2 protein chains.
Amino acid sequence: MTAHRLARYLPIFEWLPGYDRKALASDGMAGLIVAIMLVPQGMAYALLAGLPPEVGLYASIVPLVFYGLLGSSRTLAVGPVAIVSLMVATTLGEISETGSVSYLAGAILLAFLSGAILLGMGLARLGFLVNFLSHPVISGFSSAAALVIGLSQLKHLLGFDIPRGHLITDTLAHVMRHISQINPATFGIAIASFMILLAFKSRISPFLRSFGFGPEVSNAIAKAGPLVAVLATTVAVWLFALDQTADVAVVADVPAGLAPLTFPSIDLVLIEQLFPAAALIAIVGFLESVSVAKSLASKRRQKIDANQELIALGAANIGASLTGGYPVSGGFSRSLVNFTAGAVTPMASMITAVLIGITVLALTPLLYYLPKAALAAIILVAVANLIDFKTLRDAWRYNKADAFSLIVTFFSVLVLGVEIGIVVGAALTIVFYLWRTSRPHIAEVGRLGETEHFRNVLRHDVQTDPKILMIRVDESLYFANTAYLEDQLLARIVERPKIDHLILIMSAVNFIDASALDTLETLAERLKNAGVTLHFSEVKGPVMDRLRRVDFFENPDLGSVFLSTHEAMRALSNEAISQVA
Amino acid sequence: MTAHRLARYLPIFEWLPGYDRKALASDGMAGLIVAIMLVPQGMAYALLAGLPPEVGLYASIVPLVFYGLLGSSRTLAVGPVAIVSLMVATTLGEISETGSVSYLAGAILLAFLSGAILLGMGLARLGFLVNFLSHPVISGFSSAAALVIGLSQLKHLLGFDIPRGHLITDTLAHVMRHISQINPATFGIAIASFMILLAFKSRISPFLRSFGFGPEVSNAIAKAGPLVAVLATTVAVWLFALDQTADVAVVADVPAGLAPLTFPSIDLVLIEQLFPAAALIAIVGFLESVSVAKSLASKRRQKIDANQELIALGAANIGASLTGGYPVSGGFSRSLVNFTAGAVTPMASMITAVLIGITVLALTPLLYYLPKAALAAIILVAVANLIDFKTLRDAWRYNKADAFSLIVTFFSVLVLGVEIGIVVGAALTIVFYLWRTSRPHIAEVGRLGETEHFRNVLRHDVQTDPKILMIRVDESLYFANTAYLEDQLLARIVERPKIDHLILIMSAVNFIDASALDTLETLAERLKNAGVTLHFSEVKGPVMDRLRRVDFFENPDLGSVFLSTHEAMRALSNEAISQVA
């Protein structure tokens, strides 16, 4: 097997041979910055998923290495992400108690299942399946998910327990009623964290540059916001023993050392129970990964192979399930950071993995006083930019059906939950599509001046022949629209007793299925009974081949087939062409 | 409300005013012939549905009158039909014992529910929904249903009990094992009935004509086959007391008189249980009715209003549920008989109803000795012509996907049952359609000689410009195919470093949804990064309007929009056009 063939399956062979010190330096910097960002994020997302914080760190080591070996993207940063963590929480929340052993086992099994599903889809080359999620559906889904995530963090920000309400309104009502229970210290820490995070996000980089720091350095430092927030609040809690005096919830003991090798439990009942959720987690995670990977790749003329991505993410998730982790995927903001921080190869991710490994081995004691409120603040700032109004506004102006499916998806996610919500959205877009293609646009056309162009009589001032009806069908003919077409044409014929010829212009017909073929045959017969001959023009090559295969044009009820509508009109129009107002 | 408006809702006002003696004579004859055919058929189908024979007669009175008042078809003959009866049997077979009171109550409830569903669909103008059942699916469904019906009659033909096997093979195996149990007298009656039925079907009419009878009379007499078979076998059983001596199963006591007014039980659990089946029964029944109604109407230049048909069939089924009947629909062969026997208005059906009413009131005692084997034979001869190989053969030659969905539907019905079977078929055709439209035909075109026509470079010897790539996409652009299109185009650009301009020919693009719009924008940007300008030509009016609405063409990454591809080429091609082999 040549290096080229090998590289197709193990993309690492594309870049490793030519790897040099310069690349290492640049990957090293990116790897460090992502690690600094990922330690707090990983723990935060693990908490969001209802898991102990260290699970987020475990999920940020081996998966990154596996993706680095197999992924077709050079800069995608894999690890725990917000939406997938939320989906894990909602899935496991229904089957076992948060914090229980079975809950953790469920998370590991979810990682294994979604990994297996991704791997299977990749080997079966089913990458195209994600295309059936339309952009508006994804937008509505993300916005709603971000809201749900935000609400799920309220309890950490306010410092009192909030039962998982089924409806947003329930949760908000509960908060309003119990607002007196707010824990001032916790809330203060949350506010402080927000201020630090937002300051680093927008203010710090220009500030540093004004002191003559280079843009690279300034931007690199700006990425340290989460770390600074974590350090500052941790120190504050430790100094004033806020966990004792003001009972601020802290991360507390994080076991040192890597997780022992874990194996997903082969509990068939549980597997059957978790499978649908695992499939959705796999698809949603893949979707986020591949969209960010594509947009980054295009910036450097690199190519993303969707099926290779499925395999790489599948391996990453299986890796997570074997090392005490939970489902991972390519993170949007994190990959952007990795890219802008100068990552040129997956080596950056591997360096990140090593640094996280060191953290887990040596630095966990420092995390004891880390307040959960700070992690919640990090989550909120991260998911805030998932809320997307622009797509809705654009869709509303462009195509109401798309806007409608966005809105329905949004509310389905809020009311029915993330899993059902996205399925509802996807189904709805398919229904809309079928509905639209089932009642195609049918235009009567006429000749544009003395040209060979034929245009819609309603849109242009064209010439027609009272004995000839020229109809352009703007859709492929298939079972769902064939009856509609027949009714439309027969109705027009009934309106115009003078018509002798009906020319069907097929320039927009890309396919005719068996049902439509039957209908065309009966239509030809019924038209003939009504004294009208059915002709065709501008039939496409592939369509023509099929029709010839069944001797369609041998049909005695049928008129002729013309290469162009102009020819058809010249052949059939025997009287002076009359102007139509 | 004018008579015209009135006629729109009560079609009877279209024909009743001008009704004369001549029409009455012709309707009377047709009504009589259909009644003679319907008495045995009605009882046979009731038995097929697992119901007492009189229920089939009850279902042949009021429903016919209601349809006659509301139906938009002049000649559709409503009543018990084979497939709907089978669906009733399979549905009720799962929830209660054949012959039990709850079984009958279930049948009445089914009639009411499917009537309500049809009525609701009609008022909501959802007639188009049936278009989502493709012809191959319907063909596969009917063939399989006919087989299942035939097998269900074996026990009546052979005279020994056959348990309802889940698989055809089980049933046949059982028959083979117990063939010794065959009841000779019953089997003889079955054979005799077959011979009478087939003789009347094909031989009798020419035979009579050879004796100088007119064609009308001969054909009319030919329709009496079922009646003759029933009379002959009944007399035989009565003469030799075969029910006692050779225990031939007979219809036995049929209660005289009309059924008391029945009301569907408002058992919500049962309603929820039966609703899906009721919906499918409604759709399948409607489908059969409307297809036969359409083909008959077109023979006489009459029009069928699908939504009016839904209302009329809904009323007919509710009528059935109120008078001890079970679900009805328009029968194919029966309507054909009605039509050829000279029915000109629904008065024919009303006359049939009156005659059936008289039968129920006065003639039921004569039915005591009627052998079930004769009725089974009538069913078999009736469903035999539902088995349809032609559609499969044609589909196989024309479009494998259609043939495949026909086959899958056929076997799903046999293995999974009629209800699930037809759903599987419908879902499969939709999946195939989405799959096809998700990977559209993309043709690179060139100029045909010195004409203004542009054709596929693979199919014609055309001229192209090495700096210009002209691509025609043969499909509307929507979420499912937009990623595929992008990959295809970018791949072609990578292959051809010399390309400066990409012209997308939109003549076959009938719609661009929001997802595709996003993709076109990112595509334009990525092409520009690659030094290629994206242009459009032959954009359709409706598509253009939408794109203008969002200022799509203001996009600086974008090239120009040309009315024709010829213009585009003239504008962009600055060097001598080079010949392509």
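Just so it is clear, glycine is given a Cβ too, placed from its N, Cα and C backbone atoms.
Here is what TrEMBL says about this protein:
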type: DOMAIN; residues: B:458-572; note: domain 'STAS'
type: TRANSMEM; residues: B:29-49; note: transmembrane segment
type: TRANSMEM; residues: B:77-95; note: transmembrane segment
type: TRANSMEM; residues: B:101-121; note: transmembrane segment
type: TRANSMEM; residues: B:128-151; note: transmembrane segment
type: TRANSMEM; residues: B:182-200; note: transmembrane segment
type: TRANSMEM; residues: B:220-241; note: transmembrane segment
type: TRANSMEM; residues: B:274-293; note: transmembrane segment
type: TRANSMEM; residues: B:336-363; note: transmembrane segment
type: TRANSMEM; residues: B:369-387; note: transmembrane segment
type: TRANSMEM; residues: B:408-435; note: transmembrane segment
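By the Cβ criterion (under 8 Å, sequence separation of 6 or more), the transmembrane segment (B:336-363) is not in contact with the transmembrane segment (B:128-151), since fewer than 3 such pairs are found. Remote same-chain partners of the transmembrane segment (B:77-95), defined as residues 6 or more beyond its termini with a Cβ less than 8 Å from a stretch Cβ, comprise 34, 38, 41-42, 45-46, 48-51, 56, 59-60, 63-64, 67, 71, 102-103, 106-107, 110, 142, 145-146, 148-149, 152, 164, 270, 273-274, 277, 280-281, 284-285, 288-289, 313, 316, 326-332, 334-335, 337-338, 343, 348-349, 352, 379, 382-383, 386, 417-419. DSSP assignment over the domain 'STAS' (B:458-572) gives 53 helix, 25 strand, 37 coil. Sequence-distant contacts of the transmembrane segment (B:128-151), counting only residues of its own chain at least 6 positions beyond either end whose CB sits under 8 Å from a CB of the stretch, comprise 48, 82-83, 86, 121, 168, 171-172, 283-284, 286-287, 290, 306, 379-380, 383-384, 386-389, 391-392, 395, 402-403, 405-414, 418, 421-422, 425-426, 428-430. Counted over residue pairs separated by six or more positions, the transmembrane segment (B:220-241) shares at least 3 Cβ pairs under 8 angstroms with the transmembrane segment (B:182-200), which defines the two as touching. On the 0 to 100 pLDDT scale, the domain 'STAS' (B:458-572) averages 89 in the predicted structure. Recorded stretches compared: B:29-49, B:101-121, B:182-200; the one with the most Cβ pairs under 8 Å to the transmembrane segment (B:274-293) is B:101-121. Among residues of the same chain six or more beyond the transmembrane segment (B:29-49), those with a C-beta under 8 A of the stretch's C-beta atoms are 55-57, 59-60, 77, 79-82, 85-86, 88-89, 92, 107, 149, 152-153, 156, 220, 223-224, 226-227, 229-230, 251, 326, 334, 337-339, 341-343, 347-352, 354-356, 359, 367, 370, 372, 374-376, 378-379, 382.
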